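Read the structure below first, then the notes.
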Amino acid sequence: MCNIELQNVPQRKGENLLHIAEAVVVSGLLFCCMSDGFIYGQMSGMIDALRADDSPIPLTEDDVSWLASTINITCIVGFIIVGVIADVLGRRIAITTLSTPVLICWIVIYYTGDKFVLQLTRVIVGVSYGGVLLLTFITIGEYVSPNIRPFCFNFMASVGSISGVTLGHILSTLMDWRKVALVGIIPTGLSCILPLLWEESPSWLASKGRFEECKKTFEALHLPSEKSNAELRNLIALEMKKKRDLLRVHSTSGSVRKNLYVLKQWYFWKIQMLSFIIGIYRVAAGRILFSTILLTMLPELTGYKDIFFCTLLVDGLGMFGAAVSCYTVSKFRMRPLLFSTGIAANFLLIILSALIYYGSTDVFSTWTKVVLLGAYYVVTFAGPYPVIDTVLGEIQPLGVKEFSLFICGSIAGVMHFVAIKIAPDMIKTIGYSGLFLVYAMFVFICLIYLWFFMPETRGRSLQEIEVFFMNGKFEDRKIFLSSEQKEDLLSV
């Protein structure tokens, strides 16, 4: 029997050591996201160069389309692999394992002169990208306390990602795409090394029934307080309860049986539907699409061949918006922030669409388009993206988080793949103005659904959020189990 005391969490480490531990975790995840963003930033410059008449690797438009979109479909394989790796090895080793192939691909891209090898790197990078992306969503919620989780998640996902994209875009306007690929070794290498310095995730340890280790790791990552005591009790109690419920149906509690069991639970499908709508929003808001085609889109919108300053302005405003979001998600509640900035950003996109459709090609009109696109970046990165990314990471069921994110991530990967694959044909048919208008329509539909079904998660622990989907309301920060039930489950 595992005898674990759930009364008070003693202080094991000083506050400075705690902050160092948190900083190492957030820094590691920051470089994971920067590496992911750099993949798209470098790819944008690479695609633009390979479409040129003097391309060192002759490609057709269809070849280019596949290069741009492959990552978003092969990432689904990463979602499958990460479910196994993260469940067996834990969060730390899984991130290092999945980041290493990207490191190798940067070197291969520098030396290759064959389009098939180049396409193969897109397949491998897509698999690794999908796995690392899934793990960043899982990990940040498991390592940091609820009061700073929105800030840390946003700093990692928004600031880290847009920094990687911006770095890739800017370097692609200044140097050859092969040399830009070599620069990618730096953020990817750091994303391989830093996770090895972490403690293991308390939530993962609890899901494995390793409650003593969970308690010790939790103490290393949280200062002792009534709130952290309650969070630890809830974490262990909820895993005990789910284990007991599962054992009522099956004689053992393996991962496959847990996944099959949760598929029969209505609350799980409510979470999946909300995740699906968030996935549509993420596609329609255009972050992945713009990151992929920005260096091709700006010359066509402005008529300029030298787009360094345009790129610097748009991406710079995007980084400013991401930096502002670190303040907004810390000071404002999730729902008001999403709906105010989401509606504002959508109107900016509609105005930009109208200006492209009706506007002239004079200097004032050209720079107005660039400024509007930059303003859209600011508002979108300051509000909608940090909110929906944070909520998406918070709402996944704890015991089957990898499985849950695999389902919603696979659907999102297909949606991103389709969006990028058909974007060139849509642009040829309805132009950028029509493309932006269609995306704005989808965003409004998503906002209507989220208004009715997205809970306010600010300040809530992951256990409270899961119980909300089970019961339809937030409980009073308690998950009640009798002492007999606790004793029963601990003895299994």
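Every residue, even glycine, has its Cβ placed from backbone N, Cα and C.
Over in TrEMBL, the protein carries these features:
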{"type": "TRANSMEM", "residues": "20-40", "note": "transmembrane segment"}
{"type": "DOMAIN", "residues": "21-458", "note": "domain 'Major facilitator superfamily (MFS) profile'"}
{"type": "TRANSMEM", "residues": "64-86", "note": "transmembrane segment"}
{"type": "TRANSMEM", "residues": "93-111", "note": "transmembrane segment"}
{"type": "TRANSMEM", "residues": "123-144", "note": "transmembrane segment"}
{"type": "TRANSMEM", "residues": "151-171", "note": "transmembrane segment"}
{"type": "TRANSMEM", "residues": "177-198", "note": "transmembrane segment"}
{"type": "TRANSMEM", "residues": "273-295", "note": "transmembrane segment"}
{"type": "TRANSMEM", "residues": "307-330", "note": "transmembrane segment"}
{"type": "TRANSMEM", "residues": "337-358", "note": "transmembrane segment"}
{"type": "TRANSMEM", "residues": "370-391", "note": "transmembrane segment"}
{"type": "TRANSMEM", "residues": "403-424", "note": "transmembrane segment"}
{"type": "TRANSMEM", "residues": "430-452", "note": "transmembrane segment"}
Notebook entry, point to check: Between the transmembrane segment (123-144) and the transmembrane segment (430-452), are there three or more C-beta pairs closer than 8 Å, counting only pairs 6 or more apart along the chain?
Noted result: no
Check: Taking all residues of the domain 'Major facilitator superfamily (MFS) profile' (21-458) together, what is their mean pLDDT?
Finding: 87
Note to self: Give the nonlocal contacts of the transmembrane segment (403-424) in its own chain as ranges (CB under 8 Å, at least six residues past its ends).
What the structure shows: 61, 65-66, 68-70, 72-73, 75-76, 79-80, 82-83, 130, 133-134, 137-138, 255, 258-259, 262, 268, 271-272, 275-276, 278-280, 282-283, 288-289, 292-293, 392, 396-397, 435
Check: For the transmembrane segment (337-358), what are the same-chain contacts with Cβ under 8 Å, counting residues 6+ beyond its ends?
Finding: 285, 301, 328-329, 365, 368-369, 372-373, 375-376, 379-380, 382-384, 387-388, 431-434, 436-437, 439-440, 443-444, 447, 450-451, 454
Notebook entry, point to check: Does the transmembrane segment (177-198) reach the transmembrane segment (370-391), going by 3 or more CB pairs under 8 Å (6 or more apart in sequence)?
Noted result: no
Notebook entry, point to check: Which listed stretch (20-40, 64-86, 151-171, 370-391, 430-452) has the most C-beta pairs under 8 A with the transmembrane segment (273-295)?
Noted result: 430-452
Checklist line | Residues from the same chain, set at least six apart from the ends of the transmembrane segment (151-171), whose C-beta lies under 8 A from its own | finding: 22, 26, 29-45, 136, 140-141, 144, 179-180, 183-184, 187, 291, 294-295, 308, 311-312, 315-316, 318-319, 321-323, 325-326, 329-330, 381, 385-386, 389-390, 393
